[in-house]
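Visitor: According to Swiss-Prot, the active site, proton acceptor annotation covers Glu120. According to Swiss-Prot, the active site, S-methylcysteine intermediate annotation covers Cys372. Sequence annotations record features per position, and here Swiss-Prot assigns S-adenosyl-L-methionine binding site to Gly198, Glu199, Ser230, Ser252, Leu253, His254, Asn329. Positions annotated as disulfide bond by Swiss-Prot, on the basis of sequence analysis: Cys133-Cys372. If you look up Swiss-Prot, you'll see 126-367 marked as domain 'Radical SAM core'.
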Amino acid sequence: MASIDIAHERKTAATAGASARPHLAGLTRPLLMDALKAFGLPDNQLRMRAGQIWNGLYNRGFTDFERMTTLSKELRGKLADAFDISRLEIVTEQKSVDGTRKWLLRLPSGIPGVPGPEVETVYIPEEGRGTLCVSSQVGCTLTCTFCHTGTQKLVRNLTAGEIVGQILLARDALGEWPDGGRNSEDRLITNIVMMGMGEPLYNFENVRDALEVVSDGEGLSLSKRRITLSTSGVVPMIERAGEEIGCMLAISLHAVDDETRNRLVPLNKKYPIAELLEACRNYPGVSNARRITFEYVMLKGVNDSLEDAKALVRLLKHIPAKINLIPFNPWPGSPYECSDWEQIEKFADVVNRAGYASPVRTPRGRDIMAACGQLKSETVKARASERFKGEKAAAQPIA
């Protein structure tokens, strides 16, 4: 059996999608204090109460104010009437034979009775670490031709709370809160990668605020060295990302010349390779200790020649970098094939001999469409499938 499908419906307070109460998850500390001040808390209590709520949200994983017993019963009731701290709705959960887990999440729509859009989050367990792949948008505007998400039109940006909410929900599922019976030092989620659905730099403020919450030392406490933001090359935002977010940077490069990259990553027509690499050289904090990762999907007969490998080495000269070679993960209707494994190894050898670390990413979660480049909202997949069936039926001759 390729995968275990544990599809289930779990209705939560978030399911209604129309709560008029503002959600506290994802608010930075200053914004949380602003919300509590507007709520009516006196100035001399703001810092203390914000700290207590912060601890409840991000150290204990509470989804109900009643569990925040450091607050008075009266205050807990008033907070519950004014604010939401529930989780996103899990529509389905799938588990791969390799341990990878994927959650399809429904976001609030803001309209009573109307289901909200959906987004996917993936957890990848490895020896000694666990990586959570987080989405920043529903759909994407970039239409990268090798990426499944790129075939789904942008629906909307995620809020900071919805970005942080993916991490909170994953910690729930993995039993990673103190009450989950797990040693708090034995973390299952050790790394966060902003490599899910969407282009993070086209949702800059929400991604920035979410990662500020995630890296706060008194909450989820993930070091910025364990957080990687991947961009397809939104050049004007790269320097700002280094200054205001300061996490590790990954570039979806995938080609060594503008003609090829224009086809694979149409954004390249706006920000060509030379401009992108110049922005990388100037990325704040880049050094041999904080190298930029260049992602390179291996496409048979497109970008995988040994000449391409040599050109890649020349391009990245004088940039502290590592190169992540990604075997192409197929999806229905994709126009590409994965490079032969022998060719991938030869390509990696050229890069390695030039002095660059070039690990070949092991495909994870392919059987549940959770691997790199395979994410897409399930409702969009279903609509496409129904449309295909309808077109096929219409094409059948009438007896």
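Every residue gets a Cβ built from N, Cα and C, even glycine.
Help me see these features in their spatial surroundings.
Guide: The DSSP secondary structure for Glu120 (active site, proton acceptor) is strand.
Leu253 (S-adenosyl-L-methionine binding site) falls within neither a helix nor a strand when secondary structure is assigned with DSSP, and so counts as coil.
Spatially close to Cys133 (disulfide bond) yet at least six residues away along the chain are Thr121, Val122, Tyr123, Ile124, Val193, Met195, Gly196, judged by Cβ distances under 8 angstroms. According to its DSSP assignment, Cys133 (disulfide bond) is in a strand.
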Visitor: Which whole-number value in Å describes the distance between the Cα atoms of Glu120 (active site, proton acceptor) and Gly198 (S-adenosyl-L-methionine binding site)?
Guide: 11
Visitor: Taking the Cβ of Glu199 (S-adenosyl-L-methionine binding site) as the centre, how many other Cβ atoms fall within a 10 Å radius?
Guide: 27
Visitor: Near His254 (S-adenosyl-L-methionine binding site), which residues of its own chain have a C-beta under 8 A away, given they sit six or more steps off in sequence?
Guide: Phe146, Arg261, Leu264, Val265, Glu295, Tyr296, Val297, Leu299, Asn303
Visitor: Using DSSP and three states only, what is Glu199 (S-adenosyl-L-methionine binding site)?
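Guide: Going by the DSSP assignment, Glu199 (S-adenosyl-L-methionine binding site) belongs to neither helix nor strand, so it counts as coil.
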